[in-house]
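Chemist: I'd like to ask some things about the structure below.
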Amino acid sequence: WGWWMRNLRTPARRALLSQVTSTEERQEAYGILHALDIAGATIAVGYITLSLFLKLDLKLVMLTTVAYLATSTLLLAFVKASEKPRPKLTKMGTKEKALFSGIIISTSLFGFSYFSFGYPILTVTQRFNAPYLGTLTYVVFLLVSSLSGYVFGRVKYKEALLLAMGYAVASFGSLGFQLSTSLPLYFASSALMGVSVGMVETFEPSLMSKIYLREGEGMGILSAFRSFGLFTGNLVMGFLYSFHLAYWYAFLVSLVAFLVMLASSQKS
């Protein structure tokens, strides 16, 4: 249910952001959106971690989230969408088609490899027998991801190539979780995953908004393919986790996503 609601939210807010920004502003705008989104999550997981450390009742802590959700919903009620007409779906050129196909295939593959962070939390918790260390690993991921979105939103370089590099960083982050033996190495792997997600969540929607002029439709396609990968990928990860092969799987699939996007970036 939560993921379904997320899929209703994500395309709409990305489309709204696209409507009120110019092409030149798009990359930075999506970087800031990701930074703010994940900064809030960082604070939330931070106090969950503190609650686990202090052994507080998590049910009471979770109830506090109702206030934040109610406030954000109320603020959205006052947002007015722009009245600009729906653009015609023009035929893409050869370069745009190659880039569009690359993004769609790569985002699906990234979804297949982009496991729920519950797996690293479980891995660290089991290894060190400390639930708060597991959620602290998540805090590292979120903090780095938020900062990465802000930083990469301002980097003026080939977006398609940087997106491909984001998938490559994810593959090394997954490999790190597979091979890590100490807490600092787990934190480093979490940081790599954070950098990757910051890059992907900035460059994917930015590129899509520039080649697919119907913002809502384009963002919906992007979310649909990512979600299909996520759903399937988490099932596969759950099956392979018992055999200690889950992170190897994520490493290999992310690597394939990198190669596909790299090839597309060369054609565009």
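Any Cβ shown, glycine's included, is placed from N, Cα and C.
OK, TrEMBL features for this one:
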type	residues	note
TRANSMEM	32-54	transmembrane segment
TRANSMEM	60-79	transmembrane segment
TRANSMEM	99-119	transmembrane segment
TRANSMEM	131-153	transmembrane segment
TRANSMEM	160-179	transmembrane segment
TRANSMEM	247-264	transmembrane segment
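Help me understand the surroundings of these features in the structure.
Modeler: Residues of the same chain lying 6 or more positions beyond the ends of the transmembrane segment (32-54) and with a Cβ under 8 Å from any Cβ of it are 13-14, 17, 61, 65, 68, 131-132, 135-136, 138-139, 142-143, 145-147, 149-150, 153, 198, 201-202.
Outside the transmembrane segment (60-79), and at least 6 residues removed from its termini, the chain residues within Cβ reach (under 8 Å) are 16, 40, 44, 47-48, 51.
Within the same chain, residues 98-99, 101-103, 105-107, 109-110, 112-115, 119, 160-161, 163-165, 167-168, 170-172, 174-175, 177-178, 196, 233, 236-237, 240 sit at least 6 positions outside the transmembrane segment (247-264) and bring their C-beta atoms closer than 8 Å to a C-beta of that stretch.
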Chemist: Quickly jot the same-chain residues contacting the transmembrane segment (131-153) by Cβ under 8 Å, restricted to those at least six beyond its ends, or write none.
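Modeler: Hits for the transmembrane segment (131-153): 27-39, 41-42, 45-46, 48-50, 52-53, 117, 120-125, 162, 183, 186-187, 190-191, 193-195, 197-199, 201-203.
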